[in-house]
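Asks: From TrEMBL, here are the annotated features:
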ACT_SITE  ARG288  active site, proton acceptor
COMPBIAS  421-434  compositional bias 'Low complexity'
COMPBIAS  436-446  compositional bias 'Basic and acidic residues'
DOMAIN    20-387  domain 'FAD-dependent oxidoreductase 2 FAD-binding'
REGION    417-446  region 'Disordered'
Amino acid sequence: MDRYLLAWAAESPEVFQTEVLVLGSGIAGLYTAIKASDSFRVTVVTKKKIEDSNTEHAQGGIAAAMDDEDSPAFHYEDTLSAGAGLCDPETVKILVEEGPLRVEELIAMGAQFDYEGASLAFTREGAHSRRRVLHAKGDATGGEIERTLVQAARLCPRIQVRENRFVVDLLQNREGAVLGALVFNTEKRRPEAYLAKVVVLATGGVGQVFGHTTNPEVATADGMAAAWRAGAALMDMEFLQFHPTAIHLAGAPRFLISEAVRGEGGQLINRDGKRFMDGIPGRELAPRDVVTRAIWKEMSQGEVYLDFRPIGRDKILRRFPSIRETCRNYGLDVLEAPIPVAPAAHYMMGGVRADKYGRTTLANLYASGECACNGVHGATRLASNSLLDGLVFGARIVERIKAEALQPLPRWSEVERTGARGEAAAGEAGFGRTPARRDDLPHGRAEEESMRSALQRLMWDKVGIQRRGGDLADAVATLEAWAGGFSPSAEEKDLELVNMLTVGWLMAKSALARRESRGAHYRADYPQRSDPEWGKHSLVSRRDEGVRYVPTGGDC
């Protein structure tokens with residue numbers, strides 16, 4: 001695969017300069033931008049509208065040890081336990097100790113969380129030993145946080161937001177230091193280069209790589225793929241969390257049913273109306289990977305349902321108004337009957353390797369949020385820790401760049417263009433090239449089925465909830481063949497597809513190499529966890545042919 005995704009060097013893009021370039025507009029990107037704007041000029045580049053992110057869709061809440069009956073020590077132990085031996089203790093300690101302060105800052109910005117009387121209302125979710133999850137408007141926490149951050153960002157005169165920009169690649173100098181990003185303006189259909197002293201990657205997750213996902217359409221692994229092409233190390237790419245409960249109706253998207261429903265007393269039942277989690281420690285509130293596999297196993301016998309009714313009518317109406325309304329749109333009434341649920345791809349624990357300050361393995365490049373991997377989530381993320389992650393480590397990135405001597409503003413002449421196809425192939429038409437043909441799909445698939453659908457089905461079937469070595473090896477080989485025969489145009493769907501193929505291959509390759517089961521990574525042919533051999537992080541990069549491993553707690 002070429003160093004750069006598209007041929008661009010033959011044409012000069014419009015060039016913009018900024019001090020801090022933030023790629024992404026979810027909680028990690030916007031919070032970082034707001035904090036950085038105290039000292040720097042900041043540009044936020046986002047794929048669609050500023051509000052379009054995974055944060056907007058987060059229902060359950062944000063976990064922080066702020067209740068009198070809770071403590072960071074309890075939160076620390078719960079996070080380590082859920083992470084199945086792969087959390088980095090130092091980053092977890094930072095998360096739980098600095099988290100309450102960051103949530104208080106969010107409240108000071110105007111975030112309106114729910115209260116019980118004069119006190120913040122806390123709920124309990126899976127694998128939490130205490131009620132520590134804050135929520136807003138019952139089950140619209142992410143939307144309230146995104147509203148708060150978008151409003152704050154728009155009021156900052158030192159923050160410029162550029163919407164409808166697709167991040168194509170990171171730009172580097174001859175030594176490999178990151179100088180900025182090449183993006184494609186999807187409204188004006190032209191390339192743009194953003195040069196900066198510091199680049200913060202906050203591009204979110206990978207859910208659209210799989211056939212069934214709770215993620216929005218923008219979650220196509222763009223930042224992770226761009227970082228990999230630039231030579232950054234990616235860590236723990238085999239660990240993808242499947243949320244246990246999403247609506248399971250033919251033709252309907254996998255709308256997430258918050259873990260808070262089970263935290264408030266919702267019960268999982270089988271087709272006979274019987275609970276099937278009673279023999280599992282924690283029952284409905286076991287770690288997500290445990291609940292997911294239990295549902296997956298039960299589904300071999302028939303449908304699985306989530307029963308809201310034990311929660312009580314009044315609490316359902318108060319706590320889960322958005323979920324109830326969405327279910328009603330699909331002809332389901334949670335007040336009257338259980339609803340059909342099934343697992344769906346939800347959250348990527350792996351990502352661009354980052355340390356406790358968000359620094360990656362490339363100079364001037366930082367990463368935060370779901371696209372990053374700093375070891376805080378281990379092999380299974382504790383419910384409602386993801387939003388907290390974006391706050392805590394976004395703030396730490398800003399602390400670090402304020403303390404460091406940053407490079408001068410880069411110039412376009414410093415950008416290394418070797419490897420851009422337009423540099424080597426005169427006559428190529430750059431961003432306007434014709435897409436590759438799509439009628440030669442593998443396994444004799446009909447031409448009307450897109451390669452994207454074939455990829456999503458392959459990943460769900462062979463790199464999904466239950467994995468086997470033969471399936472993973474087949475997935476690796478298939479993805480290599482597809483990627484090798486595909487040449488993208490400037491169409492957004494083409495660019496996304498290359499990124500999805502790239503990250504899907506890295507996930508399958510990493511899963512094949514890890515010959516054990518741990519957290520969200522379950523191998524039916526290696527069903528046991530093996531700490532002596534496999535209690536360490538996996539790393540992949542363009543500089544390494546295979547997968548290598550490093551101990552937990554190591555620096556980048």
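Even glycines carry a Cβ here, placed using N, Cα and C.
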Asks: What is the average pLDDT across the domain 'FAD-dependent oxidoreductase 2 FAD-binding' (20-387)?
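Replies: A mean pLDDT of 96 is what the predicted model shows over the domain 'FAD-dependent oxidoreductase 2 FAD-binding' (20-387).
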Asks: How many other Cβ atoms are found within 10 Å of the Cβ atom of ARG288 (active site, proton acceptor), counting all protein chains shown?
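Replies: The answer is 26 other Cβ atoms.
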Asks: State the three-class DSSP label for ARG288 (active site, proton acceptor), counting H, G and I as helix, E and B as strand, and everything else as coil.
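Replies: Helix, per DSSP.
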